Each structure stands twice: as C-alpha cells, then as structure tokens.
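Copied from Swiss-Prot, the annotated features are:
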type     : residues      : note
SIGNAL   : 1-24          : signal peptide
DISULFID : CYS86-CYS340  : disulfide bond
CARBOHYD : ASN168        : N-linked glycosylation site
ACT_SITE : SER177        : active site
DISULFID : CYS243-CYS261 : disulfide bond
CARBOHYD : ASN244        : N-linked glycosylation site
DISULFID : CYS286-CYS309 : disulfide bond
ACT_SITE : ASP377        : active site
ACT_SITE : HIS434        : active site
Amino acid sequence: MSPLQWLTISFALIIFHSLTVSSSVLSHSDRVTRLPGQPRVGFQQYSGYVTVDDKKQRALFYYFAEAETNPSSKPLVLWLNGGPGCSSLGVGAFSENGPFRPKGPILVKNQHSWNQEANMLYLETPVGVGFSYSTQSSHYEGVNDKITARDNLVFLQRWFLKFPHYLNRSLFITGESYAGHYVPQLAELMIQYNKKHHLFNLRGIAIGNPVLEFATDFNSRAEYFWSHGLISDSTYKMFTSYCNYSRYVSEYYRGSMSSMCSKVMSQVSTETSRFVDKYDVTLDVCIPSVLSQSKVVSPNQVGESVDVCVEDETVNYLNRRDVQEALHARLIGVREWTVCSNVLDYQLLDVEIPTINIVGSLVKAGVPVLVYSGDQDSVIPLTGSRTLVSRLAKQLGLRTSVPYRVWFAGQQVGGWTQVYGNVLSFATVRGASHEVPFSQPERSLVLFKAFLDGHPLPEEF
C-alpha cells in the first residue's frame, strides 16, 4: 500500500473517530505543559515533529498555539517565514505574531498575538531549518521550491493525524518575504489534492512583503531608495539603466558578477549606508544586529534583522536546554539552533520563478488572497507588490470593489487598501517594516482579523 493510500484510509477512519472523541484526548506527547519563564495563560500549546519522508527520516518541527479563547470556533492558520531557510518559530512565533516574546530569562505576553483570533501553527521549513532535520546531511542539498511545497503538504496531512478535530476547520495560510513562494505553491498543491481527496478547507492566503515576481519586486528597490532620499539622482540613473537589482542578484547567484554591476552596487551601498536597516528604513541601528530574515532578497546584506536595536533574545532563549526539552526539540546534526539555516543548500535561483501566476490561479479558484506591505521596507517594497496586484486584477478582469482608501487601527491611519472583485486585496501597513507584525503589532492584528472575517479593513475609527 502506498503512503498516499495509507493516508487516505487513515483520514477516513479519523474523521469517523473524531466525531466521538473529545478534545481532552489531545493531551498527547506533543503538549507543552509550560515554557520556561512563561506567564500563566489559558490556552494550550503543542510542539514536536512530523516525519515527512519515512524512508529518509526527514522531520519538520512545528509549534502550535491554540486560540486564547474559544479555540473550537476559530480557524486554523499556518504561518511560514521566508529566507529561504529562516525559522517560523524564531521569527514568526517568538518575534512577530506569536503569544510570547523572550525578554532575558523570561517570556512576556505579546498583547497583539494573532492567537487572539486564530489557532496559530508555525512550521520550520524546509528540512534543515531550525529544529527540523534529516538523518542524512545530503538531503539538505539541492532543496528547492517543489520539494519544500511537497514536504509542507505531507506535513499538514500528517499533522491532522495528530489533531483530527481540526480536519474540517477553516484553514488559512500566511507568511512573509520568500513565503511569497512557499504559500502559493502549497495552496496550489492543496487544491490539486482536494480534487481527489477533499481534506483541506482552504479559505484564504495572506502574504506580507512577498517575493512574487523577480524583476518587478526586486527592481522596485531603486525607486524606493530614490524616493526616500537614500540615493542620489545619478546613482538612481545607474541603478535603473546600467545594472538593476534583479540583474545584480541573478549574477550574484550564478557567480558571474560583471564589473558594471559590481560598480553600481558598490555605489548604491555607499550611499544607502550600512547603518540604515534596509528592512525598516526609519529604524535607528545598533550593533550587533539581531535576526537574519533573508538570504535571497538581500544577498549582499546577510545578517540584517528584525530589530537591529535589540539583543538577540530569541536565539539565546531557544538554545537553552530546558527550553528545548519543553518544546520536545532536538538538535540533529547541528550544534545550535539558528534563526536562518547554516546547513541548508537551497536552489536560490528558484527566486526567479514567478509565483504571481499561481496567485492568479488561486483567485480564479475562489481562494481569497491578501497581499500586504509594510511601507518602510526597501527589500521588497510596496511599489512592486502594488503593481503586481493591480496588474493581476486587470488580467483576471476583476473590478475594484473597494476603491483605494485609508484604513484605521487604534484611532490612527493604519495604512491604505484596495480590493478587487471581493477576492483579491492589497493593503499597506503604515510605519511597518519587512516584518509587519513585529514593527506594527496592533495594526497587523486589525489587518489579520479583517482578513479572517472576510471584511474590508475599517474605514473609520
């Protein structure tokens, strides 16, 4: 019997079984009794491994925080960070929208955690990221988007075996940065799988500052730098005429850097200054920097951070033995947990493969899509994302259902938004960085709630 057939039979049995089993049964081995230094909370947490390839012993690590209140009536949301190769546990759960943030030896409550509105599932993917591992190091080589999407699909299938009462729950997939590749490709596989075995109740995807189309996303950086006064007129001309950013990245990863691109990027780097955080151009920087979020989107600036003015509390916390024991986590083949993988050899040229066309197919299939942008991010600027969404709406023949306007959060302008055909949405988040939930937690929560509810963003206080 093939693994797929076995899974299908297992799901049928579980659906029947889950009708008679209460949620109390979920006090299984993955339950987190209490994280070290954690404040008292009323929701359940789980973490552990799901094997995605029994033969090769490849396992993905997850952290699951149920909703603070009424988890049985709230949707399931999968969160994926990008990189490729950066941790959804360290960046997403413990620095952005999860229930806690490390502060010295303790955890403090995130007052704008997304598990106020949903059951949040964070996945360290692909294998080789964070606590996710393979027993054979050769499996870290040549990893690409297709392998990652396939493993993520198998993860979800098998995760439902652990949590059967979430099988029919509304499911949303969210993420940021290179998750602009991860999220649409996973959603596409889910829709294909559902044609034969209806398993996933996919209700929408939301991606923040996403890599969707190589040239448009990357080349919008020049205009962003120039419009924010970070480069001169002459450098802007060089950056748009002689060597744009997509050409630079392409040459960089092919190991064939031209003298022209080297000269242009040297001038751009000199003018923008290494003391300006490209992920949040308004943020004052400190040394040392904190959390590396991206290798692909900024190859000459590996090591930039979520917040460069804060000590790396997350790395210290997740490398504590007592924390790893509480999370049921293991270090396999590595000496320490890192925010972004040092062992993963990802096929970085996959960044050149557009995923905006997959987003279009999802929209045509009736899956609501939200693309949102922190407006202080110069790495994947809002201008590129806005252009791509507008262009896609035109290609699909979608008319504007919510004209471009401001939206509000906490009696302040939260950003701007436009909706096409009540299924494709674009929104900016005012004052937000590449990592929107980190830099603007309240506004990101308002955005998240509206997305889950299927409502337009608030147009008044």
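Cβ atoms here come from the backbone N, Cα and C positions, even for glycine.
Around the Cβ of CYS243 (disulfide bond), the same chain contributes SER258, MET260, CYS261, LYS263, VAL264, MET265, each under 8 angstroms and 6 or more positions distant in sequence. The recorded positions listed here are ASN168, SER177; among them, SER177 has the most other Cβ atoms within 10 Å of its own Cβ. Separation of the C-alpha atoms of HIS434 (active site) and ASP377 (active site): 5 Å, rounded to the nearest whole number.
In this structure, ASN168 (N-linked glycosylation site) belongs to neither helix nor strand by DSSP; it is coil. A coil conformation is recorded for SER177 (active site) in the three-state DSSP classification, outside any helix or strand. There are 29 other CB atoms within 10 A of the CB of ASP377 (active site), with all protein chains counted. Rounded to the nearest whole angstrom, the C-alpha distance between ASP377 (active site) and CYS340 (disulfide bond) is 20.
Most Cβ neighbours within 10 Å, among the disulfide-bonded residues CYS86, CYS261, CYS340: CYS86 holds that distinction in the structure as shown. According to DSSP, CYS261 (disulfide bond) is assigned to a helical segment. Comparing Cβ neighbour counts within 10 Å across the recorded positions ASN244, HIS434, the minimum falls on ASN244. Spatially, by CA atoms, the recorded positions ASN168, SER177, ASN244 include one closest to CYS340 (disulfide bond), and that is SER177. Looking at ASN168 (N-linked glycosylation site) and CYS86 (disulfide bond), their Cα atoms lie 29 Å from each other.
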